[in-house]
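Here is the structure we will look at.
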Amino acid sequence: MSARTYADFTTQASFEIKKCDVHKLDDAPATEVVLTREEGLQYYRIMQTMRRMELKADQLYKQKIIRGFCHLYDGQVEYQGIFFPLIYTIPMYRGCHFNTRKIIYVYQYLKWRDFCRRGGIAKGKGGSMHMYTKNFYGGNGIVGAQVPLGAGVALACKYQERNELCVCLYGDGAANQGQIFETYNMAALWKLPVIFICENNKYGMGTSVERAAASTDYFKRGDFIPGLRVDGMDVLCVREATRFAADHCRSGKGPILMELQTYRYHGHSMSDPGVSYRTREEIQEVRSKSDPISMLKDRMLSNNMASVEELKEIDVEVRKEIEDAAQFATTDPEPPLDDLCNHIFSNEPPLEVRGTNPWTKLKSVS
């Protein structure tokens, strides 16, 4: 922290944000919003943590420490998890960063997501498709499969008469899946408390949305379901739209659909350089004009809500946290073979499990 005291800073400021496009809605999220200094610093730290985790995963994959698949998220809506800490969430495969807001510490995330170490939440028996914790039901490797599952979570909320809702995320590439439209239909008929969020990063794998979809108005795809199209690169736009959508669901009006217009800096996966179907200049232009972290930083600095030195201190702290987490993860032991079949059931007595042949017997302990 610099020599300036907290009394020198503006405690809150008002901002004009981009208006959302709406479908079958009489109201819309606010365009005049207030950001407090405390909120801004919190958002900045979380977004930087998510960004640094992704970049560290990129580095470790290239060093062949992380194996298999690795789908990075940096640039793309790196702060949604900020607004869903107490809501049921079911993401797609590119939603790993949500863990930072779902009671999973960074070191556990790294150990468990890609390293498959014994101390991870999945005890080393799964990667990024085995992400479960309280209120968190993902990730999902089958494109679009999480959408009907998310509606099922919302159905449970309604059936058990809990004033809760489910946030269900999918990408523009999954938006053409038939199971999504089937889910829309049931959710609308039963007035399920679910927010369907289409993260439109403009490229489903390597195909632009214009080549893949006759209609790119994804927020209207629910037909009779109300929809919002949101600037997904602006943390304040996402915050206000999320609040609006959550209030809509909790009021008993049923589902709502949000399209977040966003962008990913990396390719679809680590095997995709990301520049065969778009130019480096296009990526750099988005980085320079619409980066979510830079936009928040500029707002805070230009309104005297933080100092350059204060934000640099946060950057240093986050970098250290990620480096420590990576070091911890890479030195944690792999699970022994005896643990291979454990936790098949959550509360059953020990049982024998057949191995690769009828004569091999392994024991499973809950």
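Positions of Cβ are set from backbone N, Cα and C atoms, glycine also.
As annotated by TrEMBL, domain 'Dehydrogenase E1 component' applies to 47-336. According to TrEMBL, the feature region 'Disordered' maps to 347-366. According to TrEMBL, the compositional bias 'Polar residues' annotation covers 357-366.
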Whole-number mean pLDDT, the domain 'Dehydrogenase E1 component' (47-336), equals 84
For the compositional bias 'Polar residues' (357-366), the DSSP helix/strand/coil residue counts are 0 helix, 4 strand, 6 coil
